[in-house]
Each structure stands twice: as structure tokens, then as C-alpha cells.
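These notes are about the structure you will find just below.
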Amino acid sequence: GGMGSTQYPAGEWKGKGRGLQELGCMPWKVSKQKVVSGAPPQPSLTPPAIYHEKQRRELCALHALNNVFQDGTAFSRDTLQEIYQRLSPSTMVTPHKKSMLGNGNYDVNVIMAALQTRGFEAVWWDKRRDVGSIELSNVEGFILNVPSNLRWGPLRLPLKRQHWIGVREVGGVYYNLDSKLRSPQPIGNPDELRKFLRQQLRGKNCELLLVVSEEVEAHQTWRSDEGKVANQFSDQAGRAN
């Protein structure tokens, strides 16, 4: 698409990260895989093409949405702007948080409303719970809101900005599709994804949204049974007191 997006066959690059805690504005270093001469021919399975929109100005919410949907036409800047204007302060989930969560950077209300136009819901993850109770098979993708430092050459500006990133599974592998990365960053299997999410959520101002279908949201099937059982017990305990 004309939005600075690139399709990457998954097998063609290998990212070298410098630790997830440095998930600020710095692009990951990407090293080209060395081609070993005389290596056995690769299996003819074509790796999945991964849709990855790169950062343009303050559009990280838009990139995060399109990257999670793996579709550059899922949302446009105009759609998000219309939603933003349509949401009057009375309908905002968190009007007081609005200033914290950004301007053209959009806030969580716009993302939630945008998802609803496609038949999806955003479930705000309660950070007191462990991500082990997420039923991954019922979750379309993840949108994280992470603090990001603006850099100006060697100077790190003290301006704290929140930045939206999309994470999802493509061809059996979970990827970090942060629009600031030069290419998608493989996270790995479900266990590695949970480790990644735990690491992110330890950050002070990190928030996690689960992108799920309306049906999954209605039946709360984004939680695994252990999660539900634990909740019933705490509900009963709450009522008993």
C-alpha cells in the first residue's frame, strides 16, 4: 500500500533485538541471514507474507489496527478522525485519561470504537491477572499502549508519549508489528508470547488490549477456564463477606 507498508516473507529476515525493555523509539537492528553455500535446499513451503505498516507521523494507532488486521485497507486516517469527532466527551470511557493517551495519537476510546465498526471488541486486560489465563485461540490479536521516548539525535527528550503497537500471529508465529520497527519482529510460540506480554506489562504505563470478536467478548471466552473458575471463587468470596 502507499502507506509505507512492506510485505515480508517470514523466512527472509531475522531480527536481532536488544532486549524488549528497549522497546522505545529506536529501530531494532536487523541482520541479514547469512546464506550458507551448499546448504540443503529449503522446503518449498512459502513463508507467510506479513503485512507491516511503518510509522508515519502520529499515526501509530492506525498502524497498530491495520497491522493486527493484516489489512492496509482495514482503517484509514479519515475513518479514525471521523470516529474521534463522533465520540463526544459523554461517550468517552476515560475522559480524564484522554490527555494522557494522546491527540492525533488517538486514545483508547477511538481504538475501541474503530474495532466495533469491524465487528470486534477491545478487552482491556486487568494487569493484576497473569496473561497465562488468556485463551489465545479466541484472541485475534493484541494492541499494546507503551511509553515511548522521543529522541532527537543523541538527546532523549523528556517528552513522554504513549505509543500503540500491534501484535498478532501469522503462520503459527507471533510477531511484534510495532510500526517503528524496520521489519516485523518474531516473538515466537504462545509461551514466548506470554513471556513478551509479561515483560511489557511490568512497564509502568503499559496497557494491553485484547482484540476479540463480538461473540468472544459476549461469552468472555477470551479467558481460559482456570481464569473463569478463579473469578467465580473470588466473586463468591466477595458476596460472602
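Glycine residues also receive a Cβ, built from the backbone N, Cα and C atoms like all the rest.
DSSP assigns Cys60 (active site) to a helical segment in the three-state reduction. Per TrEMBL, active site is recorded for Cys60 (among others).
His163 (active site) falls within a strand segment according to DSSP. Residues annotated as active site in TrEMBL: His163 (among others).
Taking all protein chains in view, 27 other C-beta atoms sit within 10 angstroms of the C-beta of Asp178 (active site). According to its DSSP assignment, Asp178 (active site) is coil. Under the heading active site, TrEMBL lists Asp178 (among others).
Summarising the annotation, TrEMBL assigns domain 'Josephin' to 47-226. For the domain 'Josephin' (47-226), the model's pLDDT averages out at 84.
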Between Asp178 (active site) and His163 (active site), the C-alpha gap once rounded to whole angstrom: 9
C-alpha spacing of His163 (active site) relative to Cys60 (active site), in angstrom: 6
Fewest other C-beta atoms within 10 angstroms, as judged across Cys60, His163, which are the active-site residues: His163
